[in-house]
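Asker: What Swiss-Prot records for 7-232 is domain 'Radical SAM core', and it gives sequence analysis as the kind of evidence. Residues or ranges marked as GTP binding site by Swiss-Prot: 16, 65, 96, 157, 259, 260, 261. Taken from Swiss-Prot, the feature [4Fe-4S] cluster 1 binding site applies to 23, 27, 30. Marked as S-adenosyl-L-methionine binding site by Swiss-Prot on the basis of sequence analysis: 29, 69, 120, 191. What Swiss-Prot records for 254, 257, 271 is [4Fe-4S] cluster 2 binding site, and it gives sequence analysis as the kind of evidence.
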């Protein structure tokens, strides 16, 4: 088994695979007007996903994260998870979801082979959550998290986008929340995309502000593993949970890049904010194209840039995060 590496010595054991661009939320930082259907989109089907995952696994990838849009909107998600989990070499199957369907569907995903769960949870306060997401669904999400614990899922993470003036005063509440819960909360610095320039200027908060508050409250940064991603992890001896900071505008953010992305329509994206996508779908129709698919992936990886260009105001092809799943 080979190992995917780029020209800057970074290795890539991790694929983020979008299953759909559709989403049932209207998050103010992503899709404030809701998902707008463009014609009749045809997203990757199970047989195409199987060929795609087998190829990346053959190149050394061991972790697949299923994203959206909102991946739980796929009626065939149980089958997709089982297909991904069955691929030789895949050891971890994760999903990022808004969590509203967890109470109904999580047991099926778990039986199919799901090993890790990320839930978007931008506020612990119900009214604020409704304001940010456009939906009053926090109770269902909390019920789903309790179910995930009961099922024994070994990795449960919560994602919260930092929003100045909307949720930036909740850190003490989050600390209290993590005192007895073994979750990892990821605070994500708001990123500029093609559709959110005015929103970004109004609500962007540098992650350094949160890091300073964590250190002042007695939290300590944990050593970063050699194969870790870009998150900086913090722990506290009096808390079961941990806090991660994802700061795309930090100087060394891209040094820790360890993931590639494939869109719901089958385009390989070397970077969340890249200027181009590489069509893989034509090589996902037949098993006989496996070697050609491997060659296309490895060749294109040689074109991956050292950084994302956000400091220069570049947002690439990404109109909003729902289009590629973050």
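Glycine too: its Cβ is placed from the backbone N, Cα and C atoms.
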Asker: Rounded to a whole number, what is the top Cα to Cα distance in Å among the residues the record ties to S-adenosyl-L-methionine, namely 29, 69, 120, 191?
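Answerer: Of all Cα pairs among the recorded S-adenosyl-L-methionine binders, the widest measures 17 Å.
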Asker: Please work out the number of neighbouring Cβ atoms within 10 Å of the Cβ of residue 69 (S-adenosyl-L-methionine binding site), leaving out its own Cβ.
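Answerer: 26, counting other Cβ atoms within 10 Å of residue 69 (S-adenosyl-L-methionine binding site).
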Asker: Rounded to a whole number, how many Å is the Cα of residue 191 (S-adenosyl-L-methionine binding site) away from the Cα of residue 271 ([4Fe-4S] cluster 2 binding site)?
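Answerer: Distance between the two Cα atoms comes out at 14 Å.
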Asker: Can you tell which of the binding-site residues 29, 69, 120 lies nearest to residue 260 (GTP binding site) in space, using Cα positions?
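Answerer: Its closest listed neighbour, by Cα, is 69.
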Asker: Distance check, please: Cα of residue 23 ([4Fe-4S] cluster 1 binding site) against Cα of residue 96 (GTP binding site), rounded to an integer number of angstrom.
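Answerer: Residue 23 ([4Fe-4S] cluster 1 binding site) and residue 96 (GTP binding site) have their Cα atoms 12 Å apart.
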Asker: For residue 157 (GTP binding site), which of the listed binding-site residues (27, 29, 30, 69, 257, 271) have their CA atom within 10 A of its CA?
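Answerer: Checking each Cα against residue 157 (GTP binding site), there are no hits.
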Asker: Cα distance, residue 261 (GTP binding site) to residue 27 ([4Fe-4S] cluster 1 binding site), nearest Å?
Answerer: 22
